[in-house]
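Working notes, beginning with the structure itself.
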């Protein structure tokens with residue numbers, strides 16, 4: 001019996017090979033999914049590690065001890081930290097200690113950090129002199145040496161310093177025994193962002209002084225110098241072994257153990273690391289991949305089983321005479337069953353075995369090409385779904401032959417075409433119901449691709465394909481009837497071939513599903529690719545964004561405009577201070593360069609229009625011309641114990657910074673209040689007048705008439721009430737001899753009463769993405785509330801996301817009175833920026849501490865889970881087309897014998913040759929063409945129902961308006977390629993059929 005079945009397989013070996021290939025595709029799809037996930041898990045980890053920044057590959061253990069106290073309660077015992085580091089092999093560590101000193105420079109407003117850092121000489125460039133050798137040697141930064149007038153070999157005396165928080169004159173003062181040291185040399189640091197330097201801010205810019213430069217010395221010098229509170233640190237950099245993709249779980253466990261151990265050693269010991277964020281990003285990418293791959297693996301397996309069902313059904317119909325002979329001989333049921341199914345089962349089993357190997361080899365090939373050097377880690381776990389796929393394939397084959405197994409001999413001999421009756425309709429209804437259930441489950445769970453929700457794409461596309469096929473028969477029959485009445489015999493015969501054979505309906509459904517799977521994969525790949533572009537470009541805000549060390553906003557604006565006076569490639573930007581958790585992020589940008597530099601969101605008003613709205617004409621700022629700030633005012637109603645203090649917030653006009661000048665208590669009657677302000681040497685802008693009092697005093701009232709604000713140089717300060725405003729705690733009015741200010745604060749003045757010159761449009765114009773400002777106000781750039789008016793709605797603010805605000809930086813700075821450095825100062829650059837832009841910015845007084853590039857972010861997103869997982873969608877689309885092509889070949893081969901008989905008879909009866917050619921050549925190409933059009937619509941419908949739930953976006957810092965639909969031209973192009981491939985197969989089968997028709 002086995003020999004007979006093998007003989008049957010050999011006789012129809014073409015059909016057997018095709019069926020084996022279909023089974024191979026089914027099982028290979030089931031094997032490829034877990035195998036690809038294993039490979040992509042490794043690729044995600046390797047990609048994120050490769051594209052991570054230095055802070056994400058290092059850790060820092062810090063603590064503070066008082067060197068003058070032998071045993072301080074809670075002080076970290078750094079000597080015991082080494083035992084904790086055993087938990088993290090593969091790291092290289094650098095020990096450091098630092099404390100503040102004075103004596104090197106005359107400026108008491110800033111300290112000089114004396115730092116011991118292990119192996120420092122290997123990480124600095126000695127400009128003059130030598131590096132550290134003996135005790136009491138120090139090396140000084142080049143700029144610091146120039147300011148202090150020091151050269152190599154000079155002696156210098158340094159003393160431990162403590163900060164005196166004097167409200168009038170905060171400063172550092174000596175608090176130890178002076179130590180005489182020798183300047184061994186001067187140094188420069190080529191890369192302050194190198195992982196060696198950790199995250200200690202050694203080279204951050206100091207307002208008014210530029211980039212900081214610590215003084216480095218040896219461990220012996222630190223030990224012999226008198227000092228108090230000292231910052232100790234151990235910085236670790238993860239090596240290749242520590243970040244091996246096979247031991248990331250051990251790395252996470254080691255970090256947790258280190259954190260626990262550090263807590264046990266001392267409560268003041270702190271472990272800071274960005275490694276958990278890197279591991280979390282890897283986990284998030286893997287989680288997305290584990291949803292995206294099955295989302296199209298399931299439709300592919302169902303399509304393969306449907307192909308097997310169709311192929312076996314077609315093949316069994318062609319063998320009905322053989323099965324009838326077996327039944328006539330009175331064979332027992334198991335013999336009849338074996339002869340009917342054995343041929344198909346053997347082919348499917350052979351294909352299933354080969355599919356186990358083919359699936360893994362396919363993944364190996366894709367991984368080698370797409371993830372070189374990562375490896376795939378093959379194992380038996382990849383085969384866990386192979387038995388299920390094989391059983392599904394065998395079940396589809398047996399189900400396709402149920403009629404031939406159960407039909408009487410008479411029905412088999414008559415070879416009547418099987419109609420799609422009530423059973424077929426019931427099966428299709430079940431599939432449609434499953435699709436509805438899956439789609440509803442997906443919707444009510446807010447897109448959770450778990451449980452039946454994961455099956456939603458598969459069943460939705462299958463259901464739509466079956467419904468489209470169900471609608472095909474009446475339409476084709478109607479067309480065939482009209483063509484026959486019109487005398488177009490070729491099209492009529494081709495159409496009747498499709499309408500009168502139930503198998504043609506299933507073939508059409510299969511082809512529609514084939515195009516739909518390929519189209520759905522195209523939708524996912526295209527939407528994700530465009531989303532990554534948005535995340536990279538709009539998420540960064542420009543082609544490149546440089547974060548700089550803290551500087552005053554006026555300094556940031558001045559430096560950027562000095563580097564790019566024409567506004568072609570650089571723009572200064574800063575963040576607004578978010579005072580509440582409900583307030584959106586805010587960006588303050590130099591909008592004069594916004595259109596030239598920023599990446600602008602699609603669907604937004606033009607950048608030029610937004611700039612016009614955010615930066616309308618405004619009154620000139622009020623300025624003084626020299627360093628002597630003089631305010632003449634008359635005060636009335638001074639109450640003892642409630643004397644108001646007057647302060648003036650000013651900003652240098654020449655990049656020297658900002659400050660709040662304290663002029664002292666107001667005195668009854670007319671008085672002159674003066675103070676020298678060095679940063680106003682070349683002029684200052686007046687930002688506001690503050691009337692302040694102790695926080696715990698309530699019931700504050702007072703009246704002040706300001707006669708003049710000026711200096712020893714010409715000033716432009718107008719005492720016109722129309723040019724001043726007082727938003728709260730009082731009012732301003734005109735007085736005959738100046739500006740009248742009445743203060744009224746029953747609840748006290750915790751933040752003072754501010755009077756602002758009118759130098760900007762007010763309320764401040766703002767462009768918003770998301771909800772409108774709450775109560776028409778936002779937190780200003782200085783942390784104080786300001787009134788705003790929304791002028792434009794944006795889908796997203798560059799770099800801040802789809803819930804954010806955008807204002808003009810210069811106008812926002814004119815409103816600011818905090819005299820504090822900018823929050824997250826940045827320089828945005830476009831692709832026209834010169835290669836040496838960092839050096840130019842450094843020369844202008846800015847220190848670059850971070851560099852974000854849209855290209856780098858795009859490459860990082862390309863290495864995250866969604867992007868890597870979608871390569872499986874490409875594989876699935878190709879396999880789907882191959883399944884459709886093989887099913888088409890098999891259907892044509894089975895139909896060939898009977899159609900040759902029918903058309904040869906018609907040819908003998910006088911049917912013209914051209915008519916026969918049209919009837920043969922265009923039957924299946926027409927079917928393919930219709931299926932392609934319906935398939936792409938099915939893909940779009942499936943995408944509308946389920947595509948929104950796919951986690952296509954990479955990990956991003958802010959939410960952005962990502963594309964939801966594919967580009968029509970891209971989808972159309974892929975559809976045309978699929979159509980051409982399937983049409984070529986269909987034409988080939990048609991030509992083969994035509995050659996067999998005689999004469």
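Heads up, the Cβ atoms here are built off N, Cα and C, so glycines get one too.
If you check TrEMBL, you get these features:
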type	residues	note
TRANSMEM	291-316	transmembrane segment
DOMAIN	300-397	domain 'ABC3 transporter permease C-terminal'
TRANSMEM	337-363	transmembrane segment
TRANSMEM	383-400	transmembrane segment
TRANSMEM	421-444	transmembrane segment
TRANSMEM	450-473	transmembrane segment
TRANSMEM	507-529	transmembrane segment
TRANSMEM	870-894	transmembrane segment
TRANSMEM	921-944	transmembrane segment
TRANSMEM	964-988	transmembrane segment
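On the 0 to 100 pLDDT scale, the model's mean across the domain 'ABC3 transporter permease C-terminal' (300-397) is 75.
Contact between the transmembrane segment (383-400) and the transmembrane segment (421-444) is not supported, since fewer than 3 Cβ pairs fall under 8 Å when only residues 6 or more apart in sequence are counted.
Taking Cβ pairs closer than 8 Å, the transmembrane segment (964-988) reaches residues 511, 514-515, 518-519, 522-523, 526-527, 530, 877, 881, 884-885, 888-889, 892, 921, 923-925, 927-929, 931-932, 935-936, 939-940, 943, 947-948 in its own chain, all 6 or more past its ends. Listed by sequence, the residues of this chain that lie at least six past the ends of the transmembrane segment (450-473) yet keep a Cβ under 8 A from its Cβ atoms are 291, 294-296, 298-299, 302-303, 306, 420, 428, 431-432, 434-439, 441-442, 498-499, 505-506, 508-510, 512-513, 516-517, 520, 930, 934-935, 938-939, 941-942, 945-946, 949.
Looking at which of 421-444, 507-529, 870-894, 921-944 has the most CB pairs under 8 Å to the transmembrane segment (291-316), the answer is the stretch 870-894.
Counted as Cβ pairs under 8 Å, contacts with the transmembrane segment (870-894) are highest for 507-529 among 421-444, 507-529, 921-944.
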